[in-house]
Amino acid sequence: MLDAIGIAMLGTDLNTLRKKNRMMELYEAVTSAEPSVQAVFMATALLPSWISKRLPGSAARRLTVAGSELRKECMKQVKQARITARELDGDAFLLDLVKSAEFTDDQLVDQLLLIIGAGYEPTSAAFSWTVWLLATHPAWQKQLREEIQAKFSASHFRNEEEGGIIPEDLENLPILHAVCNEALRFMPTTPITTRVSSEDSVILGHHIPKNTRIYIVPYACNRSTAFYGPTADVFDPGRWIDANGKSNNNGGADSNYAFMTFLHGPRKCIGDGYAKIALRVFVAAFVGAFRFEIADSTEVPIPGGMLVTKPVNGLQLKLQSSNWKRTGRIIQPNIAEDEFKLWESDPKNPQNWPSPRKWTTVVVVGWLQFLSPLASVMLAPSLPQIAKDLHITSSSLLTFTMSIYLLGSAGSAMLAAPLSEVFGYGRRI
């Protein structure tokens, strides 16, 4: 997730999937769901700043150090962006800000912290919750996979076909639209946010004095039965699909303002558009490529975090390849050097055979391989009688006939090749 943010915002592939990245470690430290870290954020939200800045304890110190180091990492990116902007063209967000010449380095760091923080951790958490909801609602998972695989091949998500994925393609997938919107409604990644009234106001008959701190809880709004009816506490992507099969933008609520995940108005989340698109791309690629379920069906993830709501202990899934076609052939996992694939020519992948057919194949091939050497041994003493019965008088003709038979028997072992596709891969011996 951070790699995608790095490319879009910094113009740099951070390559966090293959190596450790200091920026990612610092962001995870700042957004940790540990109770001690949550307590610090709670105190910061509730106490005056002159007190919250002087909080004792190791968690407060860790957050202070992590925040300071994170600013240093962002400053490195800003200075690199200034060099890059002078030397070559680029279309990354940070480069555009640098070229505008309207911001100081410190202001650019502030912008970078805000944009990457808003785009990385909340989107990552939203993806985790979406995957968990689909793992616990297999019918919706199946429908979504069928929709994705009917529209795209896996190559679209691997940059192997010209054009790749564009946002308009994903907008035309009503189930994907519905699943992602419902996941964002059902498990909003921002647990709480605050606003301070700039002047005396009256809201719904309530007098709000100037400088009053107002707490907004998206979770409460998103699950309010006043907005979403009696099923507000139920994960139901169908609420985002009209009777004509087309997507809607209100989830059945009377107003779009019922959906408070990204807030609304001039102070809403500035990265909501990116977050929605990124979530759809990641969900489409993941669901298209894998069938999955919760590793431990008795385990229920515990939401935690003050800045971002995410599973406290992460998520453990069982994954299985969905055999998503890639330009007309079956995609298979990468094969290690000590493994080899025996057979892949049949377009009707045997991995999709029903279990009775698989086991019938195993039994038949196993029986043939057992009989082949046994038959060869048993036939040797009977060769004279076989020659007589077949009216073969030439020893060379008899040798030729028996050679054909033995080759055919040995060839039955080659029938074992499809079995590697039925049950996976053979290991080099």
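Residue positions begin at 1 at the first shown residue.
Positions of Cβ are set from backbone N, Cα and C atoms, glycine also.
The annotation heme binding site is assigned in TrEMBL to Cys269.
Taken from TrEMBL, the feature domain 'Major facilitator superfamily (MFS) profile' covers 361-429.
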Validating a neighbour-count step here. Other CB atoms within 10 A of the CB of Cys269 (heme binding site): how many?
17
Assigned element (helix, strand, coil) containing Cys269 (heme binding site), judged by DSSP:
coil
Reported mean pLDDT - the domain 'Major facilitator superfamily (MFS) profile' (361-429):
54
